[in-house]
């Protein structure tokens, strides 16, 4: 051997010299391993047909990787429990996808123990051998453990407690496969939401197939803005997730009526369905849902061009006895659909209609006269030109239990129809009017004079309401009204506000937003006539109010006031903060953004021992400076939210100190 190492001939073992620095090292020879240099005489041909690597490592596959998918499938379905399956799924993407294809009913349950147990009893000679196997964790004992673990896994998976939401780049087939395999041993997947996906490596039918096979406990599925999933994926859900209760499809352009039909037939527990902007879903789907889903409670169909009167009619004629919540938006339906709803909607409690351009006055009239909406409690209409005085009055008469009504963008609705509706809807508790420009001051007070149970009134962006010099006749007081909101109605001024103060003495929440026409003169009578005491007052955007009205509010309602919003009331000064500090006992939220507040006002608030503010907004108060740092520190002992944005008098250093000291308070700066 030494002669071999001391070889100094003209030819070396290899033309490029020795590979290792010390060729005499015996470890290089036994064993040869992968790092080896071998000399082959050029006149001899190698008998090995496999490729030969002269230098470097040759990566060899493990024996289990050589197994085909069919063999691995049989191995994986014999794993004892969910933890073992999850561990194997972490090995490679191939293993993960194979595991995700195994259905719960395909998991192996060994019955050999049942045949061995009688044999053990009949053959006492084998008893010792069996006991030894059990002590060593052998075949019999391990299979018993497997069976118990499998039963426990199936029980926990049926609960369906886990929820997952995937958005954007996170929504991939690999993640869905991981969820399908991993949630099985931790309660089972109950809710899955996929919102948007990328075109490359996004969610496809393969991912839904994994969910369908691995998550039979799935009860809620939401698919938003996904074009890579078609009927094939929902077919898998229909076959594997028969406990499905809620389905939400939004902008899924490749899904058609075929898959919805399969879902309806296979998922009898379905209670809620939302279909939005799905261009290939039409009347067949609604008909199937009505026929095959006896527990369907809620249906929402939005912007589906293929849905027409036939689909709505068939659905309500079949499911009218169970449907309670209905929302229809931007559909090509006519008066026929509304007439059918009014006749068959016996259990409907919530009805929302939006953007139905082909529905006329006759449709709303027929829906009210159908006498089928006896249980209707909430009625919302948005941008439907067919809403008129006649149709609304008919709804008031035909819906005796109607409590909440919202009317938005109804250009044909006038004062007469609104007053008649308020009179006929005897159970009305809440009314909201938005962008109904034909409603004037007469209609507004007609509501207050004719509603016996009205508790909340909201009027927004109604440009027809303007102060007039007309003397209103004596009307009964509206003692039931507790919440009043008037927002961005520029014609609503002092005269209207004074009448409100006379008619509504029981107000608790007062929201007057963006009313630039009101002054102290108009608001003071309302403040003085309140009998029970305001709890929440929002006067944001009422730029002409001064400290006088704030002083009156605080003195008369300081013992009950919890919220005061003076955002944008530029004439409010430190005098108001002094009054607030002296008289407000329960105030927890104060907003004086854009007011004429200085450091003195903040100091007054900090000096009020009884004041326990939780939210304070000083945004845009440019006169507040670093001198208020100590006062804000005192107030910060109870604050959970502080807004000092655009307070140019407060330096960055002071802000950093506040953030450091008030660690439990959310600070906007």
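Glycine is treated like the rest: Cβ placed from N, Cα and C.
If you look up TrEMBL, you'll see 64-99 marked as domain 'F-box'. Across the domain 'F-box' (64-99), mean pLDDT in this model comes to 75.
Among the features that TrEMBL reports, domain 'F-box/LRR-repeat protein 15-like leucin rich repeat' is placed at 199-372 (among others).
The domain 'F-box/LRR-repeat protein 15-like leucin rich repeat' annotation in TrEMBL covers 385-468 (among others).
Positions annotated as domain 'F-box/LRR-repeat protein 15-like leucin rich repeat' by TrEMBL: 533-660 (among others).
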DSSP residue counts for the domain 'F-box' (64-99), split into helix, strand and coil: 26 helix, 0 strand, 10 coil
Tally of residues which DSSP labels helix, strand or coil - the domain 'F-box/LRR-repeat protein 15-like leucin rich repeat' (533-660): 48 helix, 15 strand, 65 coil
For the domain 'F-box/LRR-repeat protein 15-like leucin rich repeat' (385-468), the number of residues DSSP places in helix, strand and coil: 30 helix, 15 strand, 39 coil
